[in-house]
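Positions annotated as transmembrane segment by TrEMBL: 76-97, 133-154, 236-259, 323-347, 367-391, 459-478, 515-541. Residues or ranges marked as region 'Disordered' by TrEMBL: 664-683. Residues or ranges marked as compositional bias 'Polar residues' by TrEMBL: 673-682. Annotation comment: TrEMBL describes 803-864 as domain 'CBS'.
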Amino acid sequence: MARCGAGLCCCCCGERESRTPEELTILGETHEEEDEILPRKDYESLDYDRCINDPYLEILESMDNKKAQRYEAVKWMLVFAIGVCTGLVGLFVDFFVRLFTQLKFQVVQSSVEECTEKGCLALSLLELLGFNLTFVFLASLLVLIQPVAAGSGIPEIKCYLNGVKVPGVVRLRTVVCKAMGVLFSVAGGLFVGKEGPMIHSGAVVGAGLPQFQSISLRKIQFNFPYFRSDRDKRDFVSAGAAAGVAAAFGAPIGGTLFSLEEGSSFWNQGLTWKVLFCSMAATFTLNFFRSGIQFGSWGSFQLPGLLNFGEFKCSESDKKCHLWTAVDLGFFILMGIVGGLLGATFNCLNKRLAKYRMRNVHPKPKLVRVLESLLVSLTTTVVVFVASMVLGECRQMSSSRHSGNDTLSLQDISEDVNSSIKTFFCPNETYNDMATLFFNPQESAILQLFHQDGTFSPVTLSLFFLLYFLLSCWTYGISVPSGLFVPSLLCGAAFGRLVANLLKSYIGLDHIYSGTFALIGAAAFLGGVVRMTISLTVILIESTNEITYGLPIMITLMVAKWTGDFFNKGIYDIHVNLRGVPLLEWETGVEMDKLRASDIMEPNLTYVYPHTRIQSLVSILRTTVHHAFPVVTENRGNEREFMKGNQLISNNIKFKKSSILTRAGEQRKRSQSMKSYPSSELRNMCDEHIATEEPSEKEDLLQQMLERRYTPYPNLYPDQSPSEEWTMEERFRPLTFHGLILRSQLVTLLDRGVCYSESQSSASQPRLSHAEMSEDYPRYPDIHDLDLTLLNPRMIVDVTPYMNPSPFTVSPNTHVSQVFNLFRTMGLRHLPVVNAVGEVVGIITRHNLTHEFLQARLRQHYQTI
């Protein structure tokens, strides 16, 4: 039987070992708050490397140019369908959010107006509480059905595109609970946005639509055997995530850059075109239907995204007005520094809250999570109501509500700004500035700060910013679908508008455009929280439809990111680390090049032979949880004696000899093709080559070298089990590497009875096509669920047609930076380490390349020195 080592790490993330003391500390078993979470090993990794085995080669041989073109055309059609469906999901969310929000505010506002005279404002508060608590309760129930639907979903999608499979993240049930839950969360008055969940929803659509099947709808299946691999799904998920950004902000180019910057580790030109096309389809699908439903102008394309910033434009009558000047850049840089500090503070507070929830809320019954969501909703509702009624100031309305240096060109945006003004407890021609910000949907409040020509009191803006900062920080992380873009933009816009008011009031800079400062403040705070640069710059430029804002937005985001990175990571990276996901960064530190591949690899291997008995395969699969196994043969000194005595041993040795490439043998094949031999010396060398079918009495040069080198090592039958009395050399004897085979492939071979008897030739073994091998993707059968009673345990399985014979490999002396770049860029799951004579000496997985693992190995390296 092939040897199964204990405590091995052949699989990327498949082990389910007991927690280390450090992990127990972070996961709540102890109370030391400063410890960091270590990457967990029970996350399964995705395999983006293409397995070029015999079934795959059969497909390539049968595919001509016309079939390849049809295959590519189907891909483009699926990408377009993903964009359209993502746009429709956004339309569904936006329609019902507007419906529920308008209903809530109409009822509560009329009640407030009546109770202002009658003195029954408590009744108005109860009505508002009734709406909000009901909506938030429904959102929490949906998260109980599918827990992965909580939050924005961006950290999970970022992990998926990085190569880590988060359970349930791209299921149909997830997108249903996400879309319905976020509309209840937003309508329930929580300080959350619907833009982040749109990205998650688009990614789920991209993952599920090309499969034409779902585990939630088992009875609905289509015979569509294409795109059944992690590699293809990764591309479609990238397109879906970009479509979600495009639908949320009306920014197809920004969506494409978001998918590139924040997610995918692998990229090419063809994928860029498909992702951009998908983003365009999502943007214009949402724009077409929203414009038709809201304004009755079908085909006018007036509303490009769920969040519309309006048009920033100075009045033609005000010749001194400029959107921004070179002098303003200095203020923008200072705002970027402050935004980075505020973002770092926000992330630090939210991280502490998340750790507290992990220790004190999540281990308790699920009802406690619902109660926490209701408590946040209750607090938020009371704060909004009391602040709107008590803390606001009555400000004078402008004679021309929308003129001067804050003119909008779009009439619908102008009407939205004017209609959202609240006059609670204020006399005629005045409005309540706090109620105007708090007692409106978040998008309307952002438009007020960007485009309202009336002033907001500095005290009101300060209180609004403080309350919104604290409540949104508390809200992000509770068990409801929630986004962070809109709360961050609104919080930052209040900060920017406050800076503009102070500059106008105390420094006398009357020429500045308040809307620009509000926009820069929003960019500074959002950049300080999420630490995005390229994609966020383009998203904000596309949302404002003003290219002249490109330079100030880019500078502000860069400064905010640099300032925030000095203290902590972005909010999404923090939550990824809190989950213990083994996420790979863009690159390693310079000091890591002191390590080699041999320093970080796992040398204790579980392997299989090219021809292995069923009993050995079943034992390996049932006693380990690794997801890949090297296919190897052992180096022996008396192989001909073994070949005469055992058919299984003979098959393995024959395969090894046929797969060994020598310079003489290669030259012999080339010489035969040219019908000539270069010299008698070469002819003598070629004659020494050992044929596969009829072994010669003379050993070839390579075999003699191997025998002389490894004579002291024992030669054991593959059926022999490991012994506790083995020496280190016996446990780690040399193994010639031939390829890599996945657990899913072995289970599929056993499930379909692919094997042959010892009295037969391996050619009699049944052959499976590529479609049959991938039919059960992505949920392959488990070895413990198979009924193997019909199989003879002495039967032999030839795994060579189905293994990957040419996976990426590295030398033991390869520097860690090179190993890391190869692993991340190519989207690998397992990286064998093969020495100079073709022996596998270890294997590298995702866990071996995490920052924490490399740091530990570097400390050991220093101690050794």
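Even glycines carry a Cβ here, placed using N, Cα and C.
Away from its own ends, the transmembrane segment (515-541) comes close to residues 245, 249, 251, 253-255, 257-258, 260-262, 309, 312, 323-324, 328, 331-332, 335-336, 338-344, 346-347, 406, 446, 449-451, 484-485, 488-500, 503, 547, 549-550, 552-554, 556-561, 563-565, 569-573 of its chain (Cβ-Cβ under 8 Å, at least six residues beyond either end). For the transmembrane segment (76-97), the neighbouring stretch richest in Cβ pairs under 8 Å, chosen from 133-154, 236-259, 323-347, is 236-259.
Taken through DSSP, the domain 'CBS' (803-864) splits into 28 helix, 15 strand, 19 coil. Long-range neighbours of the transmembrane segment (367-391) within the same chain, counting only residues 6 or more positions beyond its ends whose Cβ lies under 8 Å from a Cβ of the stretch, are 112, 121, 124-125, 128-129, 132-133, 136-137, 139-141, 143-144, 188-191, 357, 361, 422, 424-425, 432, 434-435, 438-439, 460, 463-464, 467, 471, 474-475, 478-480. Residues 312, 314, 469, 473, 492, 495-496, 499, 503, 511-513, 516-517, 520-521, 523-531, 546, 548-549, 551-552, 555-564, 566-571, 574 of the same chain sit 6 or more residues outside the transmembrane segment (323-347) yet have a Cβ under 8 Å from a Cβ within it.
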